[in-house]
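Student: After the structure tokens below, expect a handful of questions from me.
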């Protein structure tokens, strides 16, 4: 399939409006009625990329990390479990859970030692 850098085949030659595929034989401009035969568009494709930042901008959501904010690790406060660290023996571990598999299976619990920062998951 041919990638077309000039995406003009998607737009009306007269008014520039995006063409609609209302028939398998042609694409038509909804405003001025211009028609482009489908055979001129056959085999062409258009690619685009959308980033998370693009979506946040479109939905008017602030970025996760704004310039000048504290590092995420420092502002994150996790619950503490009274369990023993297998690395250093300290008895306070921070923990969090994540759903890594399908919803009908349990969540995975991740631990991090507050003293030596050793991380592991419950098995």
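Any Cβ shown, glycine's included, is placed from N, Cα and C.
All annotation found in TrEMBL is predicted automatically rather than curated by experts.
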Student: Would you mind telling me which of 12-32, 33-53 TrEMBL tags as zinc finger?
Tutor: 12-32
Student: Within 10 Å of the Cβ of residue 88 (Zn(2+) 2 binding site), how many other Cβ atoms are there?
Tutor: 11
Student: How many neighbouring Cβ atoms, not counting its own, are there within 10 Å of the Cβ of residue 116 (Zn(2+) 2 binding site)?
Tutor: 12
Student: Measuring Cα to Cα, how many angstrom lie between residue 29 (Zn(2+) 1 binding site) and residue 88 (Zn(2+) 2 binding site)?
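Tutor: Between the Cα atoms of residue 29 (Zn(2+) 1 binding site) and residue 88 (Zn(2+) 2 binding site), the distance comes to 70 Å.
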Student: What's the CA-CA gap between residue 113 (Zn(2+) 2 binding site) and residue 12 (Zn(2+) 1 binding site) in angstrom, rounded?
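Tutor: Residue 113 (Zn(2+) 2 binding site) and residue 12 (Zn(2+) 1 binding site) have their Cα atoms 62 Å apart.
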